[in-house]
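S.K.: Here's the feature list from TrEMBL:
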DISULFID  CYS56-CYS59  disulfide bond
DISULFID  CYS399-CYS402  disulfide bond
DOMAIN    5-134  domain 'Thioredoxin'
DOMAIN    352-481  domain 'Thioredoxin'
SIGNAL    1-21  signal peptide
Amino acid sequence: MTALSALLVLLLSLSLHSVGGDGDGEDFVVVLTDDNMREFVSKNSRVLVEFYAPWCGHCKALEPEYKEAASVMKNAGMETVLAKVDATKQTGIASEFEIRGYPTLKYFVNGSPQDYNGPRQADGIVDWLEKREKPNFKELTEGEVDDFVAAHEFSMVVRAKKGSKKVKLFKTAVSELLDEKEKFGLVLVEEDGEVRTEYHRPQFNPEDDKRILTYNGKMQASELRRFLRDSRYPLISEKFDAAMYLYDPIHHSAIVALSGAEAQEQWKEAGHDFLESLRGEVYFTFIDLEDDMNASLLNDVAPALEEGGVLFLERPSVKDAEGPVKPKKFLLKEGAASLDSLKTFFGSWKAGKLPEYLKSEPVPAVNEGPVKVVVADSFDDVVLDPQKDVFVKYYAPWCGHCKSLAPAWDKLAETVHKKYSKVVIAKLDATANDVIDDVRGFPTLIFYPAGKKKMKMRNKMNYEGAREFESLLDFVEASMESEEPRDEL
């Protein structure tokens, strides 16, 4: 434990008695508004901002931890400032930063925002922020570079003149890259020394990919991040990385289902020139379906993928992303070893003519119950029906909370069905169907008000109230588009 870490632990234990006698760090959490936030995050080099709603249960649980962290950090003399915004009142900044759930935390470095995905306890918040106040690079001599590069899977070494603008820009940029895999080194060269930036990946096969790349882009965090994430993967990988390909991918990728080293090598040789033409745009990896773990994982994602097939994952543009980016999936069921099939497949993708692949249960032949069963293939027809308000329960069959909710959900559906003709209560098994929304836990309840598809998705509302019949019904009746009750017979 470092001296500062030990001090922080001590301060955390003592702060219950140091501020107002009860650990209330309210004075150290700055309240921001539409009028002052831009100026505040620009003038302060590091700011953590909580966007909250007064009624939000998770926000209430975070509040004492957030206050405690602010108190500890102030007493420790840390640079970072904690602030908060009532997003229900300060709608201008909430809209600007696309706040769609509560609490949402954003970490600003020199006015540039990043998502905060760290701990929600006081000591964890302090530790996360403390790490980011330390230099994220090592100053090296020329003689130390080789050992530094050899010690790390990925590294970037910047050679720049002491006191130059490039050094300042480098330090600022890497301070925002703490969650990347790379290690950063800085070599200060003499006035007549060579200035350059190199990216090192010593474990790469030099026959297929260069081990050293030269970076000529801007010394900015966003530009560096894009370069790093594009550079740390070979064109064709023989190691399947589920996190890279399936969950929040960083580029377009193709998973080729081929078992055995010989078949994979033949495939690489046959399609080498074509694959090279896609370098920088699409990255490839092999997956052996005879491996039980791989087969199980792929069955959850694309059960239709067969030996010799290709699962292509298209990363949506960042501007369309909300939270972790879910890739769009396209499937070439067979014929991957055929170069012609592969060319046709990617040609159709570039032309926007490939149908998106969705894992889906069969559309129910009969769906007359009060609770409408939705599957991936019927989502547009049921949930995005422009004439209907639709309240969807995303669930997992094994989830205990989902089972507890079922009686209230059934009663809600029966009541709404009797009273309103244009309100639908539905459910979707999120373990058996691809979900286009950001569902991270079960059950997740989302209300889609009537309107055109884009407006439905934009105006959707997550329900976070009590999971009881009366509360659910009150929410539906307050949220639905104007509709008179059915005529009673």
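Just so it is clear, glycine is given a Cβ too, placed from its N, Cα and C backbone atoms.
Predicted automatically and left uncurated, TrEMBL annotations should be read as such.
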S.K.: Which of these disulfide-bonded residues has the least crowded Cβ, counting other Cβ atoms within 10 Å: CYS56, CYS402?
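M.R.: Sparsest of the disulfide-bonded residues CYS56, CYS402 by Cβ contacts within 10 Å: CYS56.
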S.K.: Quick one: Cα separation, CYS59 (disulfide bond) versus CYS402 (disulfide bond), in Å?
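M.R.: Taking the Cα atoms only, CYS59 (disulfide bond) lies 23 Å from CYS402 (disulfide bond).
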S.K.: Pull the DSSP breakdown for the domain 'Thioredoxin' (352-481) and write it out as helix, strand, coil residue counts.
M.R.: 45 helix, 24 strand, 61 coil
S.K.: Report the DSSP secondary-structure composition of the domain 'Thioredoxin' (5-134) as helix, strand and coil residue counts.
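M.R.: Summed by class, the stretch gives 61 helix, 26 strand, 43 coil.
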S.K.: If you measure CYS56 (disulfide bond) to CYS399 (disulfide bond) at Cα, how many Å is it?
M.R.: 23
S.K.: Given the disulfide-bonded residues CYS59, CYS399, which one's Cβ is surrounded by the fewest other Cβ atoms within 10 Å?
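M.R.: Checked CYS59, CYS399; of these disulfide-bonded residues, fewest Cβ neighbours within 10 Å: CYS399.
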S.K.: Give me the mean pLDDT over the domain 'Thioredoxin' (5-134), rounded to a whole number.
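M.R.: Summarising the domain 'Thioredoxin' (5-134) by its mean pLDDT gives 83.
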